Amino acid sequence: MDFKLTVLPGDGIGPEVMAEGLKVLNAVAKKYKHSFEYQYGLIGGCCIDKEGVALSPETLAMCKKSDAVLLAAVGDPRFDDPKLPVHPEDGLLALRRGLGLFANIRPVKVAPSLVNSAPIKAEIVKGTDFIFIRELTGGVYFAKPKKRWTTPSGIRKATDSMTYSEKEIERIVRVGFELARSRKKKLVSVDKANVLLSSRLWRQIVIEIAKDYPDITVEHILVDACAMKLILAPTYFDVIVTENMFGDILTDEASMLAGSMGMLPSASLAGIPAKGTKTFGLYEPIHGSAPTIAKQNIANPIATILSIAMMLRYSCGLETEAAEIEAAVDKVLAAGYATIDIFKEGNTKLGTAEMGSQIAKIIGG
């Protein structure tokens, strides 16, 4: 099969981990006789340097003509000053909005060989395997009104409003129900309905949609309670659905269960994934650009590699190939190979390129 992909290496360690992801994808293409055409674009700090914006209209147009988009990392400390007119992260927000990517899917699975790598007791994290579904294009991050001002008396103020429409909530919640149906048929909806009106609407709509999924067990949990339970009993969860800001915070917390943010992939989809269908999406590791370790061959490429597996599953309809990448990662970890972020005594330490080569080697036989 033939596919056209837009590749956005981005900033910091982005180009390094992307190179390893494509190395593994090329191994899959060779084995299964697929063709992947890569077209490259700029995003983030490197795009600001060259074009003065974090995402150009040309790059966005290129993404829209692709079967899927691969992104590595966005962020550059040179642009951290909040007074600057443009920031690297603006490009990512514009990309999500421009491509209609409303559903962020983040699997959190702890490999048996990494149960001792997390800062949490092994007996707690062992067996953790759940999926976070985060609404991505609404809520406070896309606030309207959103402003900052100084009052006549000289007091500085700022406001960000959290707004959700019924349609925005319904489509992301249906993603949650569909994925729950393909797993253990258990869905946890996270909100703050004891305080926020937007959360009360969220909960009401979840209750209404649940009638269409009588085979799914639904639980409502407040965001603060969820934050505690993720650390105390992560194996309790299977599929979690929540709004934008809550999901942003909780998924970073959950990443520590796997021992490193370098282990966790993500997919941002423009539709509801269903078996036998292809859904346009953006695929990226959940980690940042990590500029302090860039160009040192020490970054962990596994999150990028697993993101490519998600792309094969959701946007290419290639479940067998996706599962093979995931199995290859498990085999490499079980054999004791590790990058510095997950290294422990007894492991064989590998650099970024070497880790990618090991995984590609297993796929290539």
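Here the Cβ of each residue, glycine as well, is placed from N, Cα and C on the backbone.
For ARG134 (substrate binding site), the same-chain residues lying six or more positions away in sequence with a CB closer than 8 A to its CB are ALA103, ASN104, ARG106, VAL241, THR242, GLU243, ASN244, PHE246, GLY247, ASP248, THR251. Marked as substrate binding site by Swiss-Prot: ARG96, ARG106, ARG134, ASP224.
TYR141 (site 'Important for catalysis') falls within a helical segment according to DSSP. Counting every protein chain shown, the number of other Cβ atoms lying within 10 Å of the Cβ of TYR141 (site 'Important for catalysis') is 18. Sequence annotations record features per position, and here Swiss-Prot assigns site 'Important for catalysis' to TYR141 (among others) based on sequence analysis.
Sequence annotations record features per position, and here Swiss-Prot assigns site 'Important for catalysis' to LYS192 (among others). Reduced to three states, the DSSP call for LYS192 (site 'Important for catalysis') is coil.
Among the features that Swiss-Prot reports, Mg(2+) binding site is placed at ASP224, ASP248, ASP252, with the record citing sequence analysis. A sphere of 10 angstroms centred on the C-beta of ASP248 (Mg(2+) binding site) encloses 16 other C-beta atoms.
Counting only same-chain residues six or more apart in sequence, the Cβ atoms lying under 8 angstroms from the Cβ of ASN300 (NAD(+) binding site) belong to VAL17, SER260, GLY262, MET263, HIS287, THR339, ILE340, ASP341, ILE342, THR352, MET355. Per Swiss-Prot, NAD(+) binding site is recorded for GLY288, SER289, ALA290, PRO291, THR292, ILE293, ALA294, LYS295, GLN296, ASN297, ILE298, ALA299, ASN300.
Working note on the binding-site residues ALA290, ALA294, ILE298: by count of other C-beta atoms within 10 Å of each C-beta, ALA290 ranks first. Highest Cβ count within 10 Å among the recorded positions ARG96, ARG106, LYS192: ARG106. TYR141 (site 'Important for catalysis') sits 12 Å from ARG96 (substrate binding site), counting Cα to Cα. Within 10 Å of the C-beta of ASP252 (Mg(2+) binding site) we count 14 further C-beta atoms, all protein chains included.
It is GLN296 that, of the binding-site residues THR292, GLN296, has its Cβ surrounded by the most other Cβ atoms within 10 Å. For THR292 (NAD(+) binding site), the nearest of the recorded positions ARG96, LYS192, ASP224 in terms of C-alpha separation is ARG96.
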